[in-house]
């Protein structure tokens, strides 16, 4: 925003001297200037610039020391800042009388068209409001000059501010026009040289909504916006909707907008003035110094303050904030003066060659060349400051830096790019504590495990180890008890040892920088890995072995009876556990040799502004070995669940605790399958990750030990089975470790029970036989009377009862220790000898049936 808009407007001072009276108009020769000032359209800069230029012409024409024989006159057309309209008007200027010695376009789009075509008519082009960097191309625009500096003059100032506030990452959003595209290309080259990155570059034609959303999506913080005033309102309406403003963001805009540009009602947007005011607060503008801040009288014999006062008088009291081109008015004023001084400088050289300015025509290259040299060497003090053109015809000037504070613009500094000098006032204001960061701030700090959590879990793990020692001692001490022997005690001992190893892994799992030095981390983590891996193989492997062999021996119906007769050899169970243990051992050895664990420093983002580091052990290719281990263990857990479900209804004395093993497998599998993915997700949260992993280990071990060993302890305590076993051992005088004697005693007890049952059954059979004999005798006494009433064809009943009708049910055993009733005295041959049962002769296949 130009300084002119905030400058006071004093009345013209009384000491302003009037220049000498000019000669009469009848003796002056007129030189015509073709002006294409935009009075309406996208950039109505002519509203203030046209009166400013006319005021300069009046002052020049009133000066007898400048072009005393000539009078300058403007022939003006409204270009509406439209290149198409300007093409038609340029044709009218060139092909209608009188001849124009110079062309003065306004905005960049029109200047590009006019300057490229003017050389064909040997015309000098002088612009007051064109900032496009493309116009600095001397090959394309050989006769172009401008009192408005190139837009690229903003870029050194922007880079200087980026470095001052220590920003190395910026974003840009631009309207797709040549002036802004070329400005952004120049900015990209300059920031690259300064070591600054443009992380996001967005552009739009008419609707900036998508571009603004992309800026937010890609975390843009420091944003340079290049667009015209009308598009700026659209952009910041979208900025308000996306909340892309506030203490985390800084916007850099062009400074030649009107001071109240964000308060102007625009039907193209649906945001209120309050919304716009909130969104634009705190943005920074860079603008060429268009009004000399010092009180210096220039070539026009006016100070900048006097010029503003005179301009306000010409505008009839119009509000400068609502007057288009008010900021560029000093440039238009100095452009006319630059042209007048240049024409004045050419009079003498042309006169020496016998030529005059009034002899100019579109085919006269000599006069054009003389005017070009005069403009190229111009140097004077104007109301906008020192007017000097560089080799490309662009104005050299200082840059004003302003910031919107509380709804109004405040000067915060100046920058002279030629001297690389930054004049800083130190009155910049920020919504936060200071300039925001250009990205998410990363503060590195190490995160340690909560010591209270570690201590609590360690206590539980220690108690679990004591419980494991108690269970292991109980199992070894009572190994001679038959009930314990039938549960495969050696496998249970392996389970207890595996649970204790897994519980011991909890301690290295929680060790961090509080306890060990950095160099000891790999050893701790390898120890943790081995304890947990081998502990799982022993504990779960022994349970899996039991359930596997129960399923193998007892779930095939067609072979069920034969399997029950088979003896389960213990070495097969131990071999199965050994295979599972060997697989884990070899995999851990290969892992440690080929790709061992080592320290890495990793961090993850935490909000709002910190990202603590967490030291952990990993390697670049951890995904593959971890995936193989997780896959193998996961399949083993799922298979264990399946086998436990399949054998839930099996009853066997060979492994009498397989149902408890199945229950333990259910719990361990569920805990492991839930905990593994959860800990991977929570790996960045050290407390939560440790809690999930360690508590899963503790609960799995506790459940396994309690389910397997507590019921055995309870049974032996409540029933006293170890005492009965000891008494039996004393009576028989044999060792309880002798399996044959144990089986013999068991068979004797079963035999005694079966004899009692057989005696009861035989007494019942005798009673039934007596009843049958009595019924048969009664039937024989009544046979004559019954025979008379029967049909004569019916066969006579047998005089004797068929012995087969009195047979016991098939498979019913008989014994020779009891006599049969008299009616069955001669039918002993119906019972084969091998079907008889006695104390010393009992068929094994009939024992279960009779027992039931």
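Heads up, the Cβ atoms here are built off N, Cα and C, so glycines get one too.
What TrEMBL says about a protein is an automatic prediction, not a curated fact.
The annotation region 'Disordered' is assigned in TrEMBL to 1-26 (among others).
Feature annotation from TrEMBL assigns compositional bias 'Pro residues' to 9-23.
Residues or ranges marked as transmembrane segment in TrEMBL: 453-478 (among others).
Per TrEMBL, the feature domain 'G-protein coupled receptors family 3 profile' maps to 460-732.
The transmembrane segment feature in TrEMBL is assigned to 490-509 (among others).
Residues or ranges marked as transmembrane segment by TrEMBL: 529-550 (among others).
The transmembrane segment feature in TrEMBL is assigned to 571-594 (among others). Using a Cβ-Cβ cut-off under 8 Å and counting only residues 6 or more beyond its ends in the same chain, the transmembrane segment (571-594) has close neighbours at 488, 490-491, 494, 526, 529-530, 533-534, 536-538, 541-542, 544-546, 548-549, 625, 628-629, 632, 636.
If you look up TrEMBL, you'll see 622-644 (among others) marked as transmembrane segment.
Look at TrEMBL and you will find 664-682 (among others) tagged as transmembrane segment. Distant neighbours of the transmembrane segment (664-682): 539-540, 543-544, 547, 630, 633-634, 637-638, 640-641, 643-644, 688-689, 692-693, 696, 699-700, 703-704, 707-708; these residues of the same chain sit at least 6 beyond its ends, with a Cβ under 8 Å from one of its Cβ atoms.
The transmembrane segment annotation in TrEMBL covers 688-710 (among others).
If you look up TrEMBL, you'll see 722-749 (among others) marked as region 'Disordered'.
The feature compositional bias 'Polar residues' is assigned by TrEMBL to 722-738 (among others).
If you look up TrEMBL, you'll see 740-749 marked as compositional bias 'Basic and acidic residues'.
Among the features that TrEMBL reports, region 'Disordered' is placed at 779-852 (among others).
Under the heading compositional bias 'Polar residues', TrEMBL lists 786-803 (among others).
The feature compositional bias 'Low complexity' is assigned by TrEMBL to 819-830.
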Surrounding residues of the transmembrane segment (453-478) on its own chain - C-beta under 8 Å, 6+ positions past either end: 484, 489, 492-493, 496-497, 499-500, 503-504, 506-507, 510, 687, 690-691, 694-695, 697-698, 701-702, 705, 708-709, 712-713, 716, 722
Chain residues in Cβ proximity to the transmembrane segment (688-710) (below 8 Å; excluding those fewer than six residues from its ends, i.e. six or more beyond): 449, 453-454, 457, 460-461, 464, 467-468, 471, 474-475, 492, 495-496, 499-500, 502-503, 505-506, 509-510, 532, 539, 543, 657, 660-661, 663-664, 667-668, 671-672, 674-675, 678-679, 682
For the domain 'G-protein coupled receptors family 3 profile' (460-732), the mean pLDDT of the predicted model: 74
Positions whose Cβ lies under 8 angstroms from the transmembrane segment (529-550), at least six residues beyond its ends: 488, 491-492, 494-495, 497-505, 508-509, 568, 572-573, 576-577, 580-581, 583-585, 587-588, 597, 629, 633, 636-637, 639-640, 643-644, 647, 650, 652, 655, 657-658, 661-662, 664-665, 668, 697, 701, 704, 708
